[in-house]
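Q: Following this message is one structure expressed as structure tokens.
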Number of protein chains: 2
Amino acid sequence: MIKVALNGYGTIGKRVANAIMLQPDMKLIGIAKTSPNYEAFVAQKMGINIYVPQESVKSFDEAGIKVAGNIEDMVKEADIVVDATPNGVGAQYKELYQKFSKNAIFQGGEKANVADVSFSSLCNYNEAIGKKYIRVVSCNTTALLRTICTLNKLSKVEKVRATIVRRAADPKEVKKGPINALVPDPASVPSHHAKDVNTVLKDLDIITMAVIAPTTYMHMHLLNVTLKSQVSKEDVISQFLNTSRFLLVRGKSKVNSTAEIIEVARDLGRIRNDVPEVVIFEDSIYTKGNEVFLMYAVHQESIVVPENIDAIRASLDLASAEDSIKITNTSLNIGKGYLI
Amino acid sequence: MIKVALNGYGTIGKRVANAIMLQPDMKLIGIAKTSPNYEAFVAQKMGINIYVPQESVKSFDEAGIKVAGNIEDMVKEADIVVDATPNGVGAQYKELYQKFSKNAIFQGGEKANVADVSFSSLCNYNEAIGKKYIRVVSCNTTALLRTICTLNKLSKVEKVRATIVRRAADPKEVKKGPINALVPDPASVPSHHAKDVNTVLKDLDIITMAVIAPTTYMHMHLLNVTLKSQVSKEDVISQFLNTSRFLLVRGKSKVNSTAEIIEVARDLGRIRNDVPEVVIFEDSIYTKGNEVFLMYAVHQESIVVPENIDAIRASLDLASAEDSIKITNTSLNIGKGYLI
């Protein structure tokens, strides 16, 4: 059993922590958190060991949350650390992981040079095997890479032109916006997403533009992909239907929005209504010559969770890509086929 | 085992259906639905019998959803029907329930005269025992009644002045608003909620004013209650802490909004993030002489679910108030005390 420590227990961290507890080959030794908010209370209720910076011990004590030790204690005890601290903070913690010679998984909010490799399970698992520091790319980049690498199996992807409509804030965030505007993010082109895709697919011709919209549910991507050869709409549908970590939405199910995707996830009893799969609107898949068009939704809170689990296995050389993806999917109930 | 049929499978219906399946003394014989949308697909996936109006059989067949029969077949087979059809439609179906002499539970969207009694578990369970037609009051009225009847045990409630800030739409609804306005609902005073409370507490002096705000998560009530005698803040807190179907939010847990209440429900693994309890912000409880002030949040999608289950038992005289509430709470994991 691999001993995994989780540094950071926000939107991504708490989900990865839950996912680790569901793996047959991993043990969560604890999580690290800096402020005693409700997420810390939930972790305590679940019996998870909570480690805090030395200077936070007092505030946790006052809140009535039992502290297992400081973050250094946790890192020392681990075989590997998943860093889910806020953007840029992971790079500061890297020193600590190096001090104890621990492997670490970073998130997409860090610069690519924090790690030896940027990672996408369906694109470059093999490249990450044995790497001490791996960076799981961000939610939007994870979705783009899954999609591109899956289409690439049909026919070589030569060009990607993508529009990303981002959610404004996560459901729990009450101080973020916009709440009544569309905001180019940024107004300059390409957006950073294209560059981030290139950290994994180095030679791909990709341009992305992004805009923020006032919603919390999911991001939406509108893609135009040029392939080397002509493919049919049916080929594309069948390729996605047969690839795990994708779900298709049928027109006849009357799921016409991100809100209804989340509602189905709730109705199916998915914990936290998480949808780590890329959810493609089947009716949006369209082909013209060598071009493929499609629209899909990306659940920003959960999409990178399976990739974090795979990255742990790649870093410690615990399993092949195929085996790791299979174990991760089974343990997290990640499907393929139709959403409903 | 009581055979329960569920007519209507939207926001309330699907939750009551799930709740019935969790009761030790009830069996869900099926649900009735008029259009084959994703909720019907989910019901089919869960193995629930789906009944439809004769004229809808074709559209369900075309969607690939198996139909068990028409609504009349379902009603005939049931001991009692829970009607969760849209506002006003329940009254039309009443004829069918009468034709087969079946007891029925209606929702708060119906006029009070649809039933023999309007119902709130904590207020008038005994009055509803053996009644053929019971109307569970709406989400806002359910919350008001629970709160008033609980305070009434401390000291007689003489007057209630309440402001209701309503959510604009449920999370799944994409065509409802407002999305950028505050809308008096209605501008005339009192709003219908006061009148609806009076269907249960007939002589209470209550005035309500309501406004709609652009959010999907929960309603919020801001109450000013005058009691017969003076009580302390501690008395009020302790009264709510010791009454099931209420949860209190501690300031130190840093849950400062409805969004964060829902996030805690997600983190705790609650199905559909449902919070059927009234959630009181502990810090908002304030007393001045005989007056009590408080603010609480109401999860509009799920708060009436336990009351529907209790109403079934009351109608068929299956259990005392105390026993029914206990069975319902245990089966649905409905708590008391602190949210987290």
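The backbone N, Cα and C atoms fix where each Cβ goes, glycine too.
TrEMBL lists these features:
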type	residues	note
DOMAIN	B:2-139	domain 'Glyceraldehyde 3-phosphate dehydrogenase NAD(P) binding'
BINDING	B:THR11, B:ILE12, B:GLY109, B:ARG167, B:GLN300	NAD(+) binding site
BINDING	B:SER138, B:CYS139, B:ASN140, B:HIS193, B:ALA194	D-glyceraldehyde 3-phosphate binding site
ACT_SITE	B:CYS139	active site, nucleophile
Q: Among the binding-site residues B:THR11, B:ILE12, B:GLY109, B:ARG167, B:GLN300, report those whose Cα falls within 10 Å of that of B:ASN140 (D-glyceraldehyde 3-phosphate binding site); none is a fine answer.
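A: Of everything listed, what lies within 10 Å of B:ASN140 (D-glyceraldehyde 3-phosphate binding site) (Cα to Cα) is B:GLN300.
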Q: Cβ-Cβ under 8 Å from B:HIS193 (D-glyceraldehyde 3-phosphate binding site), same chain, 6 or more residues apart: which ones?
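A: Result: B:SER138, B:ASN140, B:THR141, B:LEU144, B:ALA162, B:ILE164, B:THR208, B:ALA210.
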Q: Out of B:THR11, B:ILE12, B:GLY109, B:ARG167, B:GLN300, which of these binding-site residues is nearest B:ALA194 (D-glyceraldehyde 3-phosphate binding site) by C-alpha distance?
A: B:GLY109
Q: Tell me, roughly as an integer, the mean pLDDT over the domain 'Glyceraldehyde 3-phosphate dehydrogenase NAD(P) binding' (B:2-139).
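A: Here the predicted model's pLDDT, averaged over the domain 'Glyceraldehyde 3-phosphate dehydrogenase NAD(P) binding' (B:2-139), is 97.
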Q: With the D-glyceraldehyde 3-phosphate site defined by B:SER138, B:CYS139, B:ASN140, B:HIS193, B:ALA194, which remaining residues of that chain have Cβ atoms positioned within 8 Å of the Cβ centroid?
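A: Here the non-site neighbours turn out to be B:GLY108, B:VAL137, B:THR141, B:THR142, B:ALA143, B:LEU144, B:ILE164, B:SER191, B:HIS192, B:ASP196, B:VAL197, B:THR208, B:ALA210.
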Q: Measuring Cα to Cα, tell me the gap between B:ARG167 (NAD(+) binding site) and B:CYS139 (D-glyceraldehyde 3-phosphate binding site) in whole angstrom.
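A: On Cα coordinates alone, these residues lie 11 Å apart.
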Q: Count the residues of the domain 'Glyceraldehyde 3-phosphate dehydrogenase NAD(P) binding' (B:2-139) that DSSP assigns to helix (H, G, I), to strand (E, B) and to coil, and report the three numbers in that order.
A: 59 helix, 33 strand, 46 coil
Q: Within a 10 Å radius of its Cβ, which of these binding-site residues (B:CYS139, B:ALA194) has the fewest neighbouring Cβ atoms?
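A: Ranked by other Cβ atoms within 10 Å, the binding-site residues B:CYS139, B:ALA194 bottom out at B:ALA194.
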Q: 10 Å Cβ neighbour count around B:GLN300 (NAD(+) binding site)?
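A: I count 22 other Cβ atoms within 10 Å of it.
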Q: Give the three-state DSSP assignment (helix, strand or coil) for B:GLN300 (NAD(+) binding site).
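A: Note: B:GLN300 (NAD(+) binding site) is coil by DSSP, not helix or strand.
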